[in-house]
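Notes follow once the structure below has been shown.
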């Protein structure tokens, strides 16, 4: 179901893809169960065409969303197109405008949930276009109300209320998604800072261990040499100090100076 492209670049898009996969995972078995139950009920009332339409719609949806060779974005596009096409077919061909409106509403919610930017409002624009065209059709075809069991006046009242509710729900979802996106971005930034802080602490700990090693091993050797040479000098006060002893003392002092300089360089961070 998932595309395998874990988008670390856009956390919100990754969250949307996971949500889509979760919804589809649950909606497929539920839709199959509902189709079977409603199929028996509609068969008793002679609505065979609705059973065929529901079966074709469900088969098309399953064929699209389970097609791994298609990218997840195009699968979502195809899902929305099939949903809108079935809604229009249910209203125009099956003469079930209430069923078509239900699927159009679902399509607009789907678009705003799973698509970014301006494309998320495509479902709402589709609903507006369909309602306007159907209003024009009812206006120019006075006998259409007999087929669809609705008058132009009732349709206009229904359309205005439907679109108003659709707009309100879409705006609320957009506000919710915006807050979720901000929360995810804040969480991502906090995780980045925590990782950076942990890296700095590990680096500091490593340098402190190096300093401890230098103090316990490298500094101790020149100091012991100097102490030994100093002890020899103190015992030869009445004798001439040999030149090799002075050279050894100077060498030990230089070694100690180099070690201290190395410690200073390692601690300058």
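Placed from the backbone N, Cα and C atoms, the Cβ positions cover glycine too.
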Inquiry  = Looking at 99-115, 184-200, I want to know which stretch TrEMBL calls transmembrane segment.
reply    = 99-115
Key: Remote residues contacting the transmembrane segment (121-140) - C-beta distance under 8 A, at least 6 residues beyond either end   = 80, 84, 87-88, 91, 97, 100, 104-105, 107-112, 115, 148, 150-152, 155-156, 159, 162-163, 166-167, 170
Request  = Would you mind listing the long-range same-chain contacts of the transmembrane segment (20-41), meaning Cβ under 8 Å and 6+ residues beyond its ends?
outcome  = 1-2, 51, 54-55, 58, 61-62, 65, 72, 76, 114
Ask   = Which listed range (72-92, 99-115, 152-177) shows the maximal number of Cβ pairs under 8 Å with respect to the transmembrane segment (48-66)?
value = 72-92
